[in-house]
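A quick write-up on the structure given underneath.
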Amino acid sequence: MSAQALGGLNIPITPSMMGTGTGSRRLVYPLEGSMAGMMPTPASANSPSAYTILDVDQNAYLFVGGIFGKVKKAEVVRTSTFTGCMGETFLDGKPIGLWNYRQRQGDCKGCVVSPQRSDGEGTVQLDGEGYAAVGRPTRWNPNISTVAFKFRTFSSDSLLMYLATEDMKDFMSLELSEGAVKVNFDLGSGVGSAKSAKRHNDGRWKSLTVSRNKKQATVTVVDVDSGAEEKMTVISQGSATGLNLKESQRIYFGGLPTIANYRPEVTLKRYAGCLREIEVSRTPYNLLSSSDYTGVTKGCNVENLYTVSFSKPGYVELSGLLLSVGTEISLSFSTLEDTGTILLAVGGAPPVEQQTRSSSILSNKRRRRQSGEPFLSVMLNKGSLEVLMFTGSHSPRRVVRRPDQGVLNDGREHSLRIERLPGRSFAVQVDEEAKRETALPNDQPVNLHRIFLGGIPAEVEQTSNRVNVPFQGCIWNLMINTILSDFSQPVSFENAEIGQCPNLAPPPPLPPLLPDEEDESGKGKEEVKPLDPSPVPVPPAVATPPAPAATPTAAAATTSEQKPTADTDACASAVAPPVLQNAYQFGLTRNSHMSFAFDDAKVREKLILEFELRTKEDSGLLLYMARINHADFVSLQIKDGQACLGYDLGHGNISGCVPYSINDGNWHKIRVNRNKQRAVLQVDGRYAKQMMSPKKADLLDVVGMLYIGGLPQNYTTKRIGPILYSINGCVRNVRVMGGPVSTRSPTTGRSESVPEDFNLNMATPTSRHMVGSCFEAMEAGTYFDGTGFLKAVSSYRVGLDVSIAFEFRTSRTNGVIVAVSNQARDGLGIEIAGGKLLFHVDNGAGRITAAHAPVGGGFCDGGWHTVVAKKLRHKVELVVDGQQSQAESPNARSNTCDTNDPIYVGGYPAGVHQAALTTSRSFRGCLKNLKITKASKTMDVHFNKALEIRGVQPLSCPAAAA
C-alpha cells in the first residue's frame, strides 16, 4: 500500500507492534537515481542516561504524514505536515498498513507510483499452490555449481528447487521429505541421492547450501538462530561430471507447472513456506522479479496459524488444558475418510513402573483406570462421531452422533463444540444440530497435560496402550475457552501440514462432452467441439448488454430476420411477460454481475448490507468485496440452499450459515450487520447467525468496489471456495450502509451515531454484465424475446445420424428454433413456419422436410410442447407431443450432412447462411431441456454457457398465464 499525504493518518497500534525499545537508528538513502543502493553513513544520538525505554502500548498514537491539529506535539518536533508519497511502513520490523488507519485528516490518497525499498533479501512466501521459474545464470560451469537459499516452513513433503536439461538426463532437485532435506542429482550416468538425518520443517529459518564439484556435492543445512549444522555428501553414479543446463532452460522454485514431464524421482507437491537470499552459482534471484510465477507474495508470515492437514499418518501435539466446569472446546474439520482420531487430550504420563510392567491388554486397561489417568477423545469411527470423556474414576462417558443423521466424511466443513456443564455433565454439538448431553461421575477439574490432533505418536501408543487411528483431512480453528490455538507453536508434530488445508469438498459437475463421430461413409472421424464450460470472450457489443430497459432480455441485437412493421405473426393471446420493477435477474452466465463504487473508508468499522433474494438454486455467489490481495474480504453465498457469510479483517477468516433453506422460489430478506469484529447474518428477520472474527483485528480494509450477483470474468479469488459463479436468482432492494456518522436527534437534541446510507441504485450501477429483468412469476426454461439468438456450439458436424430433443412454448406462429448449416447446401433446421413445426435436413441433394400441423389452438395454446427430431441418414422423423411424421430423400446415397459450423438456437446473426430454413424470424417464447444425441451419447445444452447471447434470458422463463 502507498499513500500520498497532505494531511495525516492515525494508525492503530496492534498488540503485535507493542513493546519497549532501548535504542533506535534512522537511515536515509535514495531508492532511485544514480546513488540508489548506496548505504549512507549512519548518524546517531543518545537520550539522557536515565531514560532508556520507549514505552508504546495500545493507547499510543502513531501518526503518518502529519499530526492532527488538536494533538500537542513535542517542542523538538519542528513540523507537523508532509507532502509526498510514502510506501511500505514498518514499526519494529512489522508492517503497518497505511490504509488500516483509525482516522484521516486532509487530502490523503493513493499514489500512482510509490517508493519501494529494493529488498536485498528478496523474502517471499509461497502458498502451496504456486511456483516461480527463473532463467539459468549467464555464467554457468557444468562441472561446478552452487545453490544456496534460506527457507522457513512447516511443510513435510514438497519441492524446494528443480532444474533439468531438456532430455531430463541431467537434473538436480532439492526437496523436503517427511520434514528432512533430500537432494537428488544426475549428471547423465546415474543418480546420487541423500537425505538429512534431522527434520528441518520446524518453522524456523534454515540455510541450505549445495556445493557441487563434478560428481560430488556437499549439502549443508544450518539453523539460522541456533547455528546448529548438519552436513551430507552426495556422489552421483557413473563417469559423467557435468550438469549441462542450457541458457534457455528454467530453474523452478517451490513447485512445477502441471503440464510437462519431469524426473520420476521428484515430488510434484508444491511448497508452502518462505524463501529468501536465493543464489545459483553466485547469481542472486528475486522470485518476484520473475516473469513466470504464481502463488508467490512478498514477505514471510508463518506465525499465528490455525489450520493443519494430514495426508498420511501424523499428529500435532499442543500444550494441555484444565477441563473444568464451564470449559468450551470447539474446532472445525473436513475429511473424506470415515475413521480417524480428530483430537485426543490425555493426563500425565503413567508411572515408570507401569511403563515397564508387561501384562495383557485387559489388565493394562484396568490398571490405566485404577491409575486415574483422565482423557478426552474425539474420533470418527465408521462414520459415527464418538466423544469420550474419562474424569479419572468410574468408566468413560460417551456421546455418539451416527451417520444416519448426516454424513460427516463428505469433504465439507463441519464444526464441533464440546462444553463441560454444571451438574456433572458435558454436551456435544455438531454443526448447527441440537446438543447431545450425557452425565459425568463428578464435577472435579480434569488436568489434561497433552493435546494431540490427527493422531498420536508411537510413544503414547505404547504407554497408554492405545491404537493410533490416523486422521486424513483438515482440522482448523481449535478454540479453548474462545482462545484460538496457534498451530505454529506446537510441542511436537510429525507429517502435519501446518497452515495448509486442501479443499476436499466435491467439485461442481462439469457439463458432458459431445462424442467424436465415426463417419461410416468413409470420410473419417470429424472433430465435434463441445459447449465450452466457461464463458467465452465475445465482442463488446455482444458481451456487454445495454442499460436496463423495459425488455426482460439480457441483451438485444439485429438478426437476419425480415422485420415487419407490426408483429403480424403474434399469437392472439400473446402479451408481454410482466416484469418486476427494480428487481434484477442474475445467473444468465457464470459471470453475470453488477458493480458499485463506494467510499471504502466508510465500511472500515461498520458495514450493513440488506437486500431481497428469490432463487431456487442450491448455490451461487451473491456479494463480494475485497482488498487487492484479498487479505480482507466480505462475501455472501448460497450454499446448500442456505445464506452464508464469510469475512476476514486481515488476521483470519470466519464463516457461517443460517440453517434455514431459502431456495424455495419465494422472496427472502437477507441482512448483514458487522460492527468491528462481530457480525450477524439474519434471514427474514427471524433466523440469525452470529460470528466473531479471530484475534483482535477489527478494521475492514477493502477496495471501494462492491460486486453483486457474481464476479467479472477476469476477477477471481481463492478465499471463498469454489462457489464463484453467479447466483441464478432475482435481487432487489439492495441497501449498503457504513459509518457511523454523527447526527443530532430531533427529539433529545443530543448527538447520535447512525449508519450512513450509500444510496446504491441498481438501475445505475458502475458496471453490469449479463443482467436481466425479473418476471413476476417464473418457471424453468430460457426466454427468447424474439429479437436475437444464442450460439450454443462453436463447430458441429451433423454427419449421418443425430437426434435433437427439446420442449418449447411460443407466442409466435413463425420462428427459428435450431439451425446449423455450411456455406453450401448442407444443413439442418427446426422452425415454426405458418403455425406448423418443420424439421428440415439437406444432405446436399435437396431438402427433406418432416412437418407437423397442430390441432385445436395450435402452438398458440400457451402450453409446453415436446419435440424429438431425428436424422437417420437420408430419412427424417419428427415426433411432436407423441404424434409422428416422417420423410425421406429419394437419393439414398446422399446420407451425410457435411457441416462443421455453429449451432444457433432461437435465431441466427445477420449475414449467416442457413440452407435448411424457410424463415429468418427469431423465436419468441421459452425453450428448455435441449439435448443433442449422437452415437448414443447425449449433450445437454446449457443456455447460460452459450458462446453468444443476444435477446435471450437463460434459466428464467415467465410462467404461463393461468
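Including glycine, each Cβ sits where the backbone N, Cα and C put it.
Keep in mind that TrEMBL annotations are predicted by a computer and have not been checked by a curator.
The record in TrEMBL lists a disulphide bond between C501 and one of C474, C571, namely C474. In the predicted model, residues of the domain 'Laminin G' (305-501) average a pLDDT of 85. In this view, C474 (disulfide bond) is surrounded by 22 other Cβ atoms within 10 Å of its Cβ, with every protein chain counted. Of all Cβ atoms in the protein chains displayed, 19 besides its own lie within 10 Å of the Cβ of C501 (disulfide bond).
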